[in-house]
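This report concerns only the one structure given below.
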Amino acid sequence: MIFIDACFRKETPYTPIWMMRQAGRYLSEYQESRKKAGSFLELCKNSDLATEVTLQPVEILGVDAAILFSDILVVPLEMGLNLEFIPKKGPHFLETITDLKSVESLKVGVYKQLNYVYDTISQTRQKLSKEKALIGFCGSPWTLATYMIEGEGSKSYAKSKKMLYSEPEVLKALLEKLSLELIEYLSLQIQAGVNAVMIFDSWASALEKEAYLEFSWDYLKKISKELKKRYAHIPVILFPKGIGAYLDSIDGEFDVFGVDWGTPLTAAKKILGGKYVLQGNLEPTRLYDKNALEEGVEKILKVMGNQGHIFNLGHGMLPDLPRENAKYLVQLVHAKTRR
């Protein structure tokens, strides 16, 4: 698999490409699958439809890897927090974590309940071309914790940070509990058939450096270290969004570092490129315009050259991006990097 070879810095015929949120609303096929499911959460839980959606961007765009269609919040959902998705607003938990008692009341061993995820993986792997990789994923402990404490997405993360500074032991108990679940959750994804795993730390930038390293990065390192110990042949990709200023403190046992669009690729390459393969980092809105897209691709390829790079966006696809430009991006990267 070209994608897996690239994760391990092996020679590839061209630079592989996939896109975060490549299965999404910009595809009419996705909209149809979502309509059939009835709701976003039901789409995640319906393995037949989730498989369909996972495969769509591979078939339509020609990307080199599929990423499992699911949501990072299925883990806290199964741990006992009722979840709803509010149209135009996003996820909302009906209960939140407020103290040690609420942390202790969370169910453990819920990775065993996520069979709908593993069924999607095994179905997708059966239908996916042997040349294409399937990526599994989860959210980072810190990012999941913020949703569980705030109850929804936040601009200030005030409740989460208040807990971090005034009751750090409560937050650490939650992060520890989540970490243990996530290690087993990703392990079962691997056993079900994924070829690589990725951890999304979407709200990494909410924390100052010292707090980030202690309350997020340390837990990411713990998870990736255990996974590499169990499955050395499976690449681990970490994507902590918005921590370009903290790159000099990044270390640990993983294979690929996801670079967001706000972090200069030159800096990431200089600091991390010798140790980790870099993934990224086209600004997603460049897909609105072909000239802007071409310019962005040119800049990235000039910095990264032929090895140690997986092409991706620096964040997720937007719902109204023109699909023909997404397809063009894949063709462009393949053509420009063919060795």
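Any Cβ shown, glycine's included, is placed from N, Cα and C.
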| Which of these, D71, D119, D248, D289, does Swiss-Prot say binds substrate at the same site as R21, Q22, A23, G24, R25, F40, Y147, S202, H315? | D71
| If you run the three-state DSSP split on R25 (substrate binding site), which class comes out? | coil
| Long-range same-chain neighbours of R21 (substrate binding site), Cβ under 8 Å, sequence gap at least 6? | G316, M317
| request: With an 8 Å cut-off on Cβ-Cβ distance and a minimum sequence separation of at least 6, pull the same-chain contacts of A23 (substrate binding site), or say none. | output: Y30, V53, T54, Q56, P57, I67, F69
| remark: Other C-beta atoms within 10 angstroms of the C-beta of S202 (substrate binding site) total 22
